[in-house]
Amino acid sequence: MTIPAPKSGRTFFLRPQDLIGIIVLAILLLVVLPLALDNFRLQFVGKYLTYAFVALGLVLCWGYAGILSLGQGVFFGLGGYCMAMYLKLEASSVENTKIQSTPGIPDFMDWNQITSLPWFWEPFRSFGFTTLAVVVVPALFALILGYALFKRRVGGVYFAIITQALAAIMTILIVGQQGYTGGINGITDLRSLHGWDIRTDSAKTILYFVCVGLLLGCILLAYYVKSSKLGRILVAMRDKEDRVRFSGYDVSSFKIFVFCLAASLSAIGGAMFTLQVGFMSPSFVGIVPSIEMVIYTAVGGRLSILGAIYGTLLVNWAKTSFSESFPELWLFGLGGLFIAVVLIFPNGLAGLWQSYVAPRLGPLFGGAAKRRAAPPSASPPASGPVAPAAAE
Amino acid sequence: MNAGVITDSMNRDFVLAVEGLTVSFDGFKAVNDLSFYVDENEIRVIIGPNGAGKTTVLDLICGRTRATTGSIRFKERELTKMKEHEIVRAGVGRKFQNPSIYEDLTVFENLEISYPKGRTVVGALTFRRDGPVKERVQEIAETIFLADQLDQRAEYLSHGQKQWLEIGMLLIQDPELLMLDEPVAGMSVSERKKTAELLNTIIKNRSVIVIEHDMKFVEDIAHKVTVLHQGKILSEGSMAKVQADPKVIEVYLGH
Amino acid sequence: MFADYSLAELGSIFVMQGFAGLILFSVFVLMALGLAIIFGQMGVINMAHGEFMILGAYVTYFTSQFFLHFLPSLFNIYFFVAMILAFFASGALGMAVEWLMIRRLYKRPLDTLLATWGLSLILQQVYRSVFGPREVGVELPNWMMGSLALTDTIEVQINGLFVMGLTIAITIAVALLMYKSAWGKQVRAVVQNRVMAGAVGINTEKIDRNTFGLGCGIAGVAGSAFTMIGSTGPTSGQLYIVDTFLVVVFGGAQSLLGTIASAFTISQAQSTMEFFLSGSMAKVLTLLGVVIILMLRPQGLFVIKVRR
Ligand SMILES: Nc1ncnc2c1ncn2[C@@H]1O[C@H](COP(=O)(O)OP(=O)(O)OP(=O)(O)O)[C@@H](O)[C@H]1O
Ligand SMILES: [Mg+2]
């Protein structure tokens, strides 16, 4: 939480230590990693960063507002599929597909005896529409869902279970409707964006920088939301929902807002995933990927915007290196991570940073003078989902 | 049954008019055909044994619980049909029985959130902590004896200070009807005195409904007392009148 | 879609699909009973419930192997022994988990969800490492094989009937335990007012542990029943967890009757639709229906009014 300076007031939404944190991250992602890693590894980082968008949304939605969504993969997928549809249409020009029985439609449709492009694919011929759809379609979906659930005061575990069920439904639907979605393989063989071949190394490097740029933009947005009064209302709501309601706020509209925001952020990640990796499939939509995205946030620290990014990078890096060499160990590791992050360090990396590193770095890093160390995990607060110490 | 009490009430302009209010929880009537009227600038105290339905009455007025039947009119608006936040925006403020503040936020932020501006999503995103806001927060903080604690996280306040903070959060909304559920419960003697002082300053220019068990305190502040028992009004009138009522003595004051 | 069938055929289809639905119903009920106890009574979201069930299934499988090789003469009754072993195996694991993990997380339901998800991953990997990734199936004793012909067109499997009978028996036993025994009374007392229950001398920690153990034990029995109708693999349990949670939530978490009614509704809906649509669409429509009803009626079908 912010320490306000009521006498002077804070005019800029970033505190110095936030600004330093963002700059350090920017240098790491824009300079250090591109110089230190080969193309192949850098593309991995680019892929991980697309999940960081989801983690960022979860910080706001789960960490701040206390709304745990186990269906963020759905939004990641929606964004990714929107982009994939556009790219697929471009790759399925009549010329490229003349061997098909119906040229000009995506190959998987042809395989499934579909003879004309379904109506909902049509608008994805336009890049403008696609970009808009990437952000708006998931937000609309979240809006409908949020409206239905939050207006009726469904929250907590019920919300989590319902969103999880939706992730399941979405996967089954995508897999089942092969002709329209590409089924279990997803939408593959994507080639170019406006004629620009996205499969080359140079294109991938450029896309990496685009991805980082977008991520930094989203981080700034998240900081803005967090530091606005809305951010404090989210925290207040998580703590004492009734009090907020009886201070004259329509609590559900705030929940809907933050849920939609998280959905759009995830979807941007999904679209960037499609662009960088060159395909989209239901394996990024379902229950398992959705809950794994939660663990990225938890490892980073569910209340920490920058922590979420580092958490995502770290967990994915661990996943890649472990599952290359010891695939069995990875599931133990991941399972253990879930347990540890709940039982031992509920504030994740950010909590460790706050209690062990930052105090040594002096006041610029949110010095420890005014803060308590992270409380021992054995005595979590009775209300609110998490010990609040590592609020930054 | 309580028609005698309210005969003169029909023609006047009341701030709050509760009529025939009933709520039933699975057949149990926590509030049963209740009617009472609160005047402008009146301080009404509701007393009654535990479980009499006092808190439930406040819940009904502020929309937390929905009435089974009956009407609640506040300045000619029917509250039973309104959403909670609309009721608040109409000018009804409510303090909960247990101090209900945002422990993770500072005193300043607690008050700022209660400041009646930027209550929509867009409003909250564009809300600026400008001069008038800071002045108002400062002013309220002084009233509730917390001016030195503005940067303190609310979780570290004492029980009494938390109660004051919640009162301050209501005050900053400047409600026309203020409802306080046991504001001095659990306070030390000195805190109690200070609270009585506080209440006396804040009740000016508004109507107040207070629920309280502490008779001394009630005597100090009440204009009119309503005694609830098993969801119904047992007696109503001045403190002296109520205290003399044999029915009241029997169920409440007697033991 | 009905047009291709005669009326009599439709009738038989409904009966047979209804029966197939009843088997699904049995698995749902058995899984959901344990889950409903743990979630409804303790507020803990046990995402590893499927793995507790699968432990029971493995225990049953190994018991059947044991009888097959060492006590072939008693093979007909191995199932009953297996069921008891499964109950105690899953129950003991459950109690251990409660002690190591869950008891630190009461009041943080979302965190139990994440932690038990982690546990489920670990258990899956343990099963894979110990029992192998292959799915295993039990051999049924002779008396459970075959089917009963009710009419010319309607046949029902004996093992299915048996599992159903078992489900009913277990449900009754659980209901008696929760609502009639002194222990059940203590459990409910702890749920309603932990502090008070502690003050009148109930050992609340022990009650918690035993309740959690009981819920997991029932999952183990569910696993035994599961071997009759499906094969067991490390991840078989995970397939059911979302459905089961929906069953519990849909039924209103605090009510055993609600759990049963909702298990019935969901399994019948799914199984009937399965005949006419593809399996995946049937599942989508069922889940979607449940989600939509939950949106309209968030407290589930059966609710007790409690003060917020
Ligand atoms: N939502 C609810 N569901 C069921 N019963 C309720 C509900 N709200 C209140 N009750 C019951 O209504 C009765 C009146 O409760 P209420 O809290 O209004 O009493 P009270 O007069 O405020 O008592 P106290 O002095 O202890 O605060 C109690 O028996 C309570 O259990
Ligand atoms: Mg009360």
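Placement of Cβ uses the backbone N, Cα and C atoms for every residue, glycine included.
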What range among A:94-116, A:370-392 does TrEMBL describe as region 'Disordered'?
A:370-392
Contact between the transmembrane segment (A:20-37) and the transmembrane segment (A:127-150) is defined here as three or more C-beta pairs under 8 Å separated by at least 6 residues; is that satisfied?
no
Looking at A:49-71, A:206-225, A:293-317, A:329-353, which one has the highest count of Cβ pairs under 8 angstroms to the transmembrane segment (A:246-273)?
A:49-71
Maximum Cβ pairs under 8 Å to the transmembrane segment (A:49-71) - stretch from the list A:20-37, A:206-225, A:293-317:
A:293-317
